[in-house]
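Engineer: One structure coming up, written as structure tokens, with questions to follow.
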Amino acid sequence: MGKSETIAEGKDRYQAGVIPYKKMGYWEPDYQPKDTDIIAMFRITPQPGVDPEEAAAAVAGESSTATWTVVWTDRLTDCELYRAKAYRADLVPNTGEGTKNEAQYFAYIAYDLDLFEPGSIANLTASIIGNVFGFKAVKALRLEDMRIPVAYLKTFQGPATGVVVERERLDKFGRPLLGATTKPKLGLSGRNYGRVVYEALKGGLDFVKDDENINSQPFMHWRDRFLYCMEAVNKASAATGEVKGHYLNVTAATMEDMYERAEFAKSLGSVIIMIDLVVGYTAIQSMAKWARKNDMILHLHRAGNSTYSRQKNHGMNFRVICKWMRMAGVDHIHAGTVVGKLEGDPLMIKGFYDTLLDSHTPTSLEHGLFFDQDWASLNKVMPVASGGIHAGQMHQLIQYLGEDVILQFGGGTIGHPQGIQAGAVANRVALEAMILARNEGRDYVKEGPQILQDAAKWCSPLKAALDTWKDVTFNYESTDTADFVPTATASV
């Protein structure tokens, strides 16, 4: 690691015109991050011929105080305080000379807390990811992880409800919650949509949800959907004696429309509303604030996240989104299934779940966690597992994801050959059988298939589900995997 080559204040600096970022003070290998610093860890692929330390300094500069040339107004402020400081650039394992992959570097950059507006995800992201991803000095850039200091976390409200209070409201403890996404997600009339909701809840699910792109279309106005869904929720609750819910998607074109829809959902007695990630950070924080004020659970669908999280060398890791959304104040977020149809390496998904559920998340390189993170008493976020899962995978889902999770069987409920209610029954019986086996001390992972077969002897819907989907899985290689086993590389 090279030493600092900063050109000091004075004639040499201000007559230099354009000087490398490394010499402008943005590369400080001797810097010791303060407890109050925000630290971002980027995966940098420098352009050919660009020194990795210069690339790291360029990212630090362009994400804080720098522009492309020296400016005289630097002398009117405390640049030494406000400059971001790149202090490490470590070669990523299995890249560079002697490998088939071009060289990539993990660059650690520290930002003074005063650079950011308190309690604003929008302002935080405007600096960290606002301009640097199009910078010519880097061929590719990915934000892998961040350490958020307690001093900054305390300026955010965090989840409006949290896992503990949600379980108390539902009176459901010791097991994952069960849900489903209404299918087909587009095209149903309001009445038929409500019927799907009723059948699924009556069969034993705790929740049903709108999908990300059901808002207010010609085939079903949002108000009709809300009315029919809440009628279904109330009837199912009365029939089963259990607390039920439906995630009413209030995503809309404007904040005024979103507030109107949320208020209407509340007036109908809904306990939960839903928004999509694509509404943006300000809208998410605004709805989280509304949800806390109005005693509502806020579900976030991560619609759009893979446009920037899927590729390993460019964009942003989903674990960063998990951190930001916990700060922003959502109660639920889709975080992967491991065994379903969507991208998800088991180790990476474990890191996502730990980020959402831990009070303190320790460094764990095998799970992609590069920093110790104290969550400053922010409530936990309930992870949601959805996409290509079915009753035959119940033992695997509990093994990988634990019990603080919402398992959403959309096609695995509504695609059941005996009907929607039978699909819900199959999932509920499979879950109860697996939890009972776990609580009895059985090796439910090894014995899982047999446990399900035994339960299916007394439950025809579960037998039909197992016969229909058998051992269907989606075994594709993940694009986002751990880079190394634990080493000293990630120590701050």
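One-based numbering along the chain as shown.
Every residue gets a Cβ built from N, Cα and C, even glycine.
Feature table excerpt (Swiss-Prot):
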ACT_SITE  K183  active site, proton acceptor
ACT_SITE  H301  active site, proton acceptor
BINDING   N131, T181, K185, R302, H334, S386  substrate binding site
BINDING   K209, D211, E212  Mg(2+) binding site
MOD_RES   K209  N6-carboxylysine
SITE      K341  site 'Transition state stabilizer'
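Each of these features: where is it, how hidden is it, and who are its neighbours?
Structural biologist: Close to K183 (active site, proton acceptor) in the fold, though at least 6 residues off in sequence, lie V196, D211, G410, G411, I414, G415, each with a CB less than 8 Å from its CB.
Classification of H301 (active site, proton acceptor) by DSSP places it within a strand.
If you take the C-beta of R302 (substrate binding site) and look for same-chain residues 6 or more apart in sequence within under 8 angstroms, you find L277, F318, I321, I333, H334, A335.
For K209 (Mg(2+) binding site), the count of additional Cβ atoms within 10 Å of its Cβ stands at 29 [all protein chains shown].
Under DSSP, K209 (Mg(2+) binding site) is assigned to a strand (E or B) in the three-state scheme.
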Engineer: Just to verify a number: CA distance, H301 (active site, proton acceptor) to K185 (substrate binding site), in angstrom, no decimals.
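Structural biologist: Their Cα atoms are separated by 14 Å.
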Engineer: Quick check on the binding-site residues K185, H334: which one has the highest count of other Cβ atoms within 10 Å of its Cβ?
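Structural biologist: Neighbour-count leader: H334.
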Engineer: Determine the Cβ neighbour count for S386 (substrate binding site): the number of other Cβ atoms within 10 Å of its Cβ.
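Structural biologist: There are 25 such Cβ atoms around S386 (substrate binding site).
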Engineer: Hey, what's the Cβ neighbour count for E212 (Mg(2+) binding site) at 10 Å?
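Structural biologist: Step by step: centre on the Cβ of E212 (Mg(2+) binding site), count other Cβ atoms within 10 Å, giving 20.
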Engineer: Reported as an integer number of Å, what is the Cα distance between E212 (Mg(2+) binding site) and K185 (substrate binding site)?
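Structural biologist: That separation, Cα to Cα, works out to 8 Å.
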